[in-house]
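Peer 1: Take a look at the following structure, please.
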Amino acid sequence: MAPEEGDQAMSHEDKAACSSLNTTSSTELFDGAPSSENERLRIRQAAVDAMHHGSPKIDPQIWTDVTSHLSGSTTIDARQRDIFFENLTVHGKGSSLQIQKTVLSALLYPIAYPVKRLMSIVGNKKPHNDRRTILHGFNGILNSGELLLVLGRPGSGCSTFLKSLCGYLEGLDLDPVSEIQYRGVPFRVMIEKYRGDLVYNQEADHHFPNLTVGQTLEFAAHARAPHNQVGNSSRDQYVKSVVKVVMDTFGLSHTYDTNVGNDFVPGVSGGERKRVRTDTIVGMNSIAETVLSRTSIAAWDNSTRGLDAATAVDFVRSLRTSAKLAGSCHAVAVYQASEGLYNTFDKVILLYEGREIYFGPRQGAVAYFETMGWKRPPQQVSADFLTAITNPGERQPQVGMENAVPRTPVEFESYWKNSPEHAELETSMRQYKMKTPLDSSEEIKLDEIKRLEQSNHARISSPYLLSVPMQIRLCIVRAWQRTRNDIPALIATAVAQTVVSLIIGSLFYNIPENTAGLGQRASVLFLAVLTNALISLLEITTLYSQRLIVEKQAAYAFVHPFTEAIAEVIVDFPIKLFRCLLSAIIVYFLANLRREASHFFIYIMFQLTAVMTMATIFRTLATVTRTIGQAMALAGVVIICIAVYTGFTVPQFDMPPWFGWIRWLNPIFYTFEGIVSNEFHGRHFECVEYIPSLSFEQGLSFTCSYVGSIAGERYVSGDAYIAGSYDYSYDHVWRNYGILVAFLVFFYVLYFWLTELIPGTTPAHEVLIFRHGGVLQRLVRGDLERGESIRLQEVKSLASEVHSSKAEQKNTFSWKGLSYDIPVKGGEKRLLDDVSGWVKPGSLTALMGVSGAGKTTLMNVLARRMTIGVVTGDMFVNGRELDASFARNIGYVQQQDLHVETCTIREALRFSAALRQPQSVSMEEKYNFVEEVIQLLGMQNFAEAVIGSPGDGLNMEQRKLLSIGVELAAKPQLLIFLDEPTSGLDSRSSWAICAFMRKLADHGQPVLATIHQPSAVLFEQFDRLLFLAKGGRTVYFGDIGKQARTVLEYLEDKGARHCGPTENPAEYMLEVIGGGTQGQSTSIDWVQAWKRSTEYNKLLGELDILASSPSNGVSADPYMVGEFAMPLLVQFYHVMKRDLQQYYRQPEYILAKFGAGVFCGVFIGFSFWKSDNSSQGFQNVLFSLFLLCTIFSTLVNQIMPKFLSRRTLYELRERPARTYSWKVFILCQILVELPWQTLLGICTWASFYFSVYGSGQSSQRQGLVLLFTVQFFIFASTFAQLVVAAVPSVVLGSMLATFTFLLCLLFNGTMQPPSALPRFWIFMNRVSPLTYYVGGISATALHGRPIHCSNRELRVFDPPQGQNCGQYLAEYLKTAQGTLSNPLSTDQCQYCPLRVADQYLAARDISWDDRWRNFGIFWVYIIFNVIGAVLLYYLFRVLPYIRRNRTQKSRN
C-alpha cells in the first residue's frame, strides 16, 4: 500500500481517536511537529513536569510527536527496522498425538521402550521422527511503519509465526534454510545484540503483585530509558514523564499507588490489571509498549481477547499511530476482527495449517481469493471471509468453480506460490535483498545509536541499555519496594519463626550446666540450626513466583536475570540477619546456652552464614529445574541428606562408608560442628551420676556415667564429651567457618551463573493426548507417518439439526430491579444498579456492555452464583420464585473452562449426564444422548482425547466446545447461560457457536449469552439485547431488530449520531455510550434516557404481567424440585470412580509420592544399616524413626494442591450446578488417597525395615511394624485433608501443616525425653500422635534386645587395691541397671550403664505393653482427622454458602 493510501485509510480512525484534542489537528500530528516552537516548548515543559501530581493530562500523540522531533530524525530513522523472512520453516518437538500415561505404563516404560527400540532395529523400521513442522516456508516483508494482520484459525501456527519473527524460539527449532533479517541485520545478530528492539507480547500477564502500578511502569521506563534523554532532561524526569503520559492515556492515573495484585494479593481490578505489564499497558492494549520499551518491532498474540469491540479498535489505532510517528512495525494476531479494525492494517498474512496461503496488501487479500474462485457471502467482514477460506465446512466456491479451486493446505500453498501476487512478492524480496545486503553497515548504525542510548559502562555488544551496576541498583530499588509493600508477609514470617524459636527454646528451657544437660545442649543446637536452615525452603516458592516475570524482562532486554538475583540477595540480607538474631536470642537464652559474648556472636555468625548458604542452595535447585514439583522433590532429597549426615543423628564414627562422604558436602555438618564446639569447648560440667555411687571416699575408683569422663574426675570436659559422642574438635571451628563461607561463595556464583545460563520454563505447545486404545487408527497414521499435526473434524454442523430428544421449552425467566452490592473498604460498592429483563422461550438474548460494565457479574447473579455481597430484587421462573432445583435445571457455560484434566471428552459428558439428568432416565438413554451431543458438536474424532491442562491437551476452541457440551449433556430444563462463549475463538467457531445457540432458541430453549466483539452478521443472530453501561446500569433492553435497526433507532432517537451503513452496530453502540480505552465523554445520560423511555415502561408492564400470571411451565415432578437429580449412593459411585481414575492417570503424582517414600526409606535404611546392640545403636534406631517422620511434610505438601484443585472445580462449577453433594465430594477426596497411601506404606516399610532391624525378628513383630507404617501414611493423608479442608490457599495450608507437624515431631519423645520436658509442655507429648507411632514401632522392634556397649560407651575405672571389679561393685550391681563386662579383672573395670533395650525405652516412657494401645490411639487420630475434615469443610466452605443463598433469597 502506498504511503498516501495508508494515510487516507487511517484518516477517519485517527480523527476519531484524536477527537479529544483541542489545540492540534490530526493533520498537524501526522505532517510534522506542532504548529509553533512555543507550542512544542509548552508540551515539552509539561512532559518534564509530569511527575507532579495534579498536572494536566498530556495528549500522548502530541507528546510522542514532540519527543520524536526532539530526539532527532536521524536517531529515529536509524532505529527503524523492517522484517524480511524467506523460507521461514519452524519445527516443534514431539508429535501432535500422544497417548495418555498411566501408573502402569510409567512403571513399564523402562522395559517397554528398550524392547520397542530393539524390535524396531530387528524389523529394520525407520525410527519415529520426534519433531513436527509447524511453519512451512513462509516468505514476506514488513516495512517499518506498517501493521501486519495475522489471520488463521486456532492451531494454524499464528503464535509460532509471531514468536519466530521476534526470536522467541524456546521449545522451537528454526530450520537452517530459514532466513530472517531486519533491514540488513541478520537474525542472530539482532537477537544477541538488539533484543530490546524485538518484543513478543503474549496473551498471559505476569507482574509482581506487590508492586504498585506506578512502580511497575517506572521500572520498565528506567530499564529502557536512553542515556541521551529527550531534551537533556534527567533520567528520573524522563521516566516520570513517560509513565504519566502512559497512565493518562489509558485511564490508570488513579491506580498509580495501587498494587497490581493477583488472585491472592489485593490490588487493581481484573480489567485494570489486564492493562498493566512490566513494560507496557495492555488490556486496552495501547501504544504504551512502544513508549516504554521503545521497541522497533512488536508482535501481539491475540491481545484483543476479552476486550469489547470499541476498546479493541482503539488498541489497533494506537499501534497505527505509533507506526506512523516512530516508524515501528507491528504484527498482530486477531481471531475476530471487525471491518473497521481490519482496515487499520497495511498487510495481511493468512495461515492454513502451518502454511502461508497469502501475504500482501490488505486491500488485495479479498480480491485474491475471489479471483481464486471463492464466494464471499453478503455482509461477511473481510477478516471472517479470509479465515473461512481455511475452513472446509464454511468456505463456498463460486458457481462453476467447484472443481477448480484448491482444497487442501498444500494445494492452497501451491496456488499461492504460482500466483502473480507471489511473483510480485518475490520480486520485492529480491529488490529488498539487493537494496539492503547483509553487510555490517546497518549494524554499525545501530551500534552508534545504541552507544548513544547506552549508559557509560554498558558493553556495546550487550542488548541492554543499562550497565550491570545500574541494573543491580534498579533491581535493588524494586526489590526493596516489593518488600516494603508486602509488610504483612514479612511480619507473618517473623512471627512464625519467633513461635518456632519459642517452642524450641522452651522445650529445652534452662538446660542445667552439669552433665544432665549435655545431650540436651546438643539436641537444641541441632534443632536450632536445622529449623533455621530449612525455613529457607520457602526460597523455592519465591523464585518460582517471579520466574516468568524475570524471564520476560530478560527477553525485553530490561535487566539481566542475574542482576535481579543479586538484588534479591542484597535486599534479603538484612531481613535474614534480623530473623537470625531474633531466633538466636530467643533460643540461646531460653535454653541457657553459653552466656559469653564472643561465643554468642560466633553462634550468630555460623547460623547466619548457614541460612544464607541453604537459601542459595534451594534457589539454585529452583533454577536448574523446570517445575516447582521437580524443585520440591530435589529439595526433599537435600533435606533428608542434610538431616541424616549432620553428625548428630548418626555420629561420624557410625556413618556407613557408602554414604559417609555426604557429610563433606553438607554445609550444615560444618555449621553444627562449629556451634557445638563453640558451646562445649573449655567447659567442665559437674557430674550428677557416678559409677559406683559416691557414698564414701573411693579415691580414683569411680567415674562419671557420661561420655568423656575420666576415672576419679567429678566433672566431664566439654571437649572430651563432643570428641567421644560426635568425633568433633574445637580445632575445626574456624576451618569449618572458612569452608562454610566457601560453600556460600560457590553457590552464589553457581546460582548467578545458572540464572543467566539456563532457560526458564518451556512454553507449552498444544498437542492432543488420547486415552490408551481410544485414538482412531487413521489419526495415528496421519500423525506418525507424516510427522504432521492432527487436524480435527471441523465444527461444521452445530446448527444443522438439534437433537430430536430435546423437548420444546415453555419456561420464562424474568428479573426485576436487580442490584448487587459488595463490601469494600469504607463501605459498599454497587456493581449492578436496578437491572430488569427477561429471557423467554424461543429467544436468544445478548448481554453487552463496555469493559467492566458488570456483564459477568449480572450473569452470576442471575445464576445465583455470587459468593460475596448482597443481591436485592426479584427473580422468577414462570412467575414463581426460584426453588432449590433452579441451579440444577439451568446450564451455565462459564468463561473459565474448568474440567478434570485426566478425563476424556466422552467421560466428562457422561459424568454430567449421569448425575444431572433425572433418575427416571436410564443410564443407556443418558449415554446415547451423550453420543448425540458429541455428534452435534463435531467432536467424534477426538471424543476419546484427554482434556489435559491448557497448552497440553485440548486447545482453546475444543475446551469451549466441551464446556458447552457438558451443559447440554445435562439437558437443562429451564435455560442456558453462556458467559463469553466466543472469547478467544476465531470468527468461524464464534459463528458456529452462535448459530448453534440460535438453533437451540428456535427449538424453544431460552438462551442468555454475553458477547464482547460480535460482528454485524453474528449480532443479527440475537433477538434481544440487554445493554449495560459502567456501574452495571441499563442503557437498553429490548428487541434488536433486523440489521439491528430497532436498537439503532432507539439510540439515534435519544441523540446519538447516525450509524453508517458499513459500520458494525456493536462497535457503534459502544462508541456512542462512551466505550473505548479512555471512555470518551458523552453529553447524553443514557441511563436516565432509558428510565424516561417508553421502552422502559413497556418492560415494567411486561414484568408485572409475568409475575402476576404464573404458568404451568414447571413440572411438579419431584425431580424438578429436588436439589440433586440422583441419590447419594449413585453420586458416590460416579464421583469415586472418576477420582480413582484420575489418580491412576496421573503417574507423575503417584510416582513422586512413591519415589519420596521409597527413597526416604532406602536412604534411612542404608544410613542406619543394621544398627548394633550398643546404646548408640538403639539411639540410631530411634533417630531413624524420627527422620522417617520427616517425609510427612513432603506427603502433605503433595496432597494439598491436589485437594485444592479438585475443590476449585467442585465449588466453581459442579456445586453451583448441583451435580453432586458436598458430602460425596469430601468423602471421595479422603477415600481416594487411602489405597495409594496403604501401598506406599507397604513399600516404605519394605525399603527400610530390614535394613535397620534385620530379618531375624518374628513375623508378628514385622507385621505390627508394617501396620504402624501403613497407619502413618494414612494419617498423613487424612491430616493433610483436615488442614486444607477449610483454608483458602496452599500456602496457608502448608504453613499450618508444617507448624502443626513440627509440634508433633518435637514432642514425640525422641529429641527430649518426657521426663526432661518443662511442666508446661508435658501435655504436648501426650497429645502428639507421633508419640504413639514412634513408641509403638520402637517398642515392637527393640523389646527384649540386650545391650552390648561399644568401647566408647563403656565406663572404665580401677578398683581399690586388693579387690577385683566384681568384688568392688558387688553391692552396687544389686541395684544398678547396667552390667559389668570383666568382674574378675583387678584393673580397668568395664561397666555398661544399660543391659536391655527396654531400659533405654523406659527413659522415654515407651513400653512393650503399650504397643497395641498405641496402635489403637493412632487410629483414633486418623478417625479424628476424617471427622474434622468433614466438619471443617462444612463449617467454613458449605455453611457460609448455604447462608449466602438463604440471605439472597430472603432479600429477593
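Cβ coordinates are placed from backbone N, Cα and C, and glycine is handled just like the others.
These came from Swiss-Prot, pasted as-is:
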type	residues	note
REGION	1-38	region 'Disordered'
COMPBIAS	19-28	compositional bias 'Polar residues'
DOMAIN	116-378	domain 'ABC transporter 1'
TRANSMEM	487-507	transmembrane segment
TRANSMEM	524-544	transmembrane segment
TRANSMEM	569-589	transmembrane segment
TRANSMEM	598-618	transmembrane segment
TRANSMEM	631-651	transmembrane segment
DOMAIN	813-1055	domain 'ABC transporter 2'
BINDING	GLY849, VAL850, SER851, GLY852, ALA853, GLY854, LYS855, THR856	ATP binding site
TRANSMEM	1149-1169	transmembrane segment
TRANSMEM	1181-1201	transmembrane segment
TRANSMEM	1224-1244	transmembrane segment
TRANSMEM	1264-1284	transmembrane segment
TRANSMEM	1287-1307	transmembrane segment
TRANSMEM	1322-1344	transmembrane segment
TRANSMEM	1415-1435	transmembrane segment
Peer 1: For THR856 (ATP binding site), what is the secondary structure state per DSSP, taken as helix, strand or coil?
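Peer 2: Looking at the DSSP assignment, THR856 (ATP binding site) belongs to a helix.
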Peer 1: Within 10 angstroms of the C-beta of SER851 (ATP binding site), what count of other C-beta atoms is obtained when all protein chains are considered?
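Peer 2: Its Cβ shell of radius 10 Å holds 25 other Cβ atoms.
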Peer 1: So, does the transmembrane segment (487-507) come close enough to the transmembrane segment (1287-1307) to give 3+ Cβ pairs below 8 Å, pairs being at least 6 apart in sequence?
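Peer 2: Yes, the transmembrane segment (1287-1307) contacts the transmembrane segment (487-507).
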Peer 1: Under a criterion of three or more Cβ pairs within a distance under 8 Å and sequence separation of at least 6, are the transmembrane segment (598-618) and the transmembrane segment (524-544) in contact?
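Peer 2: Contact confirmed: at least 3 Cβ pairs fall under 8 Å.
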Peer 1: Establish whether the number of Cβ pairs under 8 Å between the transmembrane segment (1181-1201) and the transmembrane segment (524-544) reaches at least three, counting only pairs separated by 6 or more residues.
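Peer 2: As far as Cβ distances go (cut-off 8 Å, pairs 6 or more apart), the transmembrane segment (1181-1201) and the transmembrane segment (524-544) do not touch.
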Peer 1: Are there residues at least 6 beyond the ends of the transmembrane segment (487-507) whose Cβ is under 8 Å from a Cβ of it, and what are they?
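Peer 2: Same-chain residues near the transmembrane segment (487-507) but 6 or more away: 524, 527-528, 531, 535, 538, 575, 578-579, 582-583, 586-591, 1295, 1299, 1302-1303, 1306-1307, 1311-1312, 1317-1318, 1320-1321.
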Peer 1: Taking the transmembrane segment (569-589) as reference, which of 524-544, 631-651, 1224-1244, 1322-1344, 1415-1435 has the most Cβ pairs under 8 angstroms?
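Peer 2: Answer, by Cβ pair count: 524-544.
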Peer 1: CB neighbours of VAL850 (ATP binding site) within 10 A?
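Peer 2: Counting Cβ neighbours of VAL850 (ATP binding site) within 10 Å gives 27.
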Peer 1: What is the total of other Cβ atoms whose distance to the Cβ of GLY854 (ATP binding site) is within 10 Å?
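Peer 2: Within a 10 Å radius of the Cβ of GLY854 (ATP binding site) lie 24 other Cβ atoms.
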Peer 1: What parts of the chain pack near the transmembrane segment (631-651), using Cβ distances under 8 Å and only residues at least 6 beyond its ends?
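Peer 2: Here the qualifying positions are 522-523, 526, 529-530, 533-534, 537, 540, 544, 617-618, 621-622, 625, 659-660, 662-663, 666-669, 672-673, 725-728, 1152, 1155-1156, 1159-1160, 1163-1164, 1167-1168, 1176, 1180, 1183-1184, 1186-1187, 1190-1191, 1194, 1197.
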Peer 1: Long-range neighbours only, meaning 6 or more apart in sequence with Cβ under 8 Å: which ones does ALA853 (ATP binding site) have?
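Peer 2: When sequence neighbours closer than 6 are ignored, ALA853 (ATP binding site) has LEU1028, ALA1029, LYS1030, GLY1031, GLY1032 within Cβ distance under 8 Å.
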Peer 1: Ranked by the number of other Cβ atoms within 10 Å of their own Cβ, which of the binding-site residues GLY849, GLY852 ranks first?
Peer 2: GLY849
Peer 1: Just to confirm: which same-chain residues, 6+ apart in sequence, have a Cβ under 8 Å from the Cβ of THR856 (ATP binding site)?
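Peer 2: Counting only residues 6 or more apart in sequence, the Cβ neighbours of THR856 (ATP binding site) under 8 Å are GLN895, ASP979, GLU980, THR1010.
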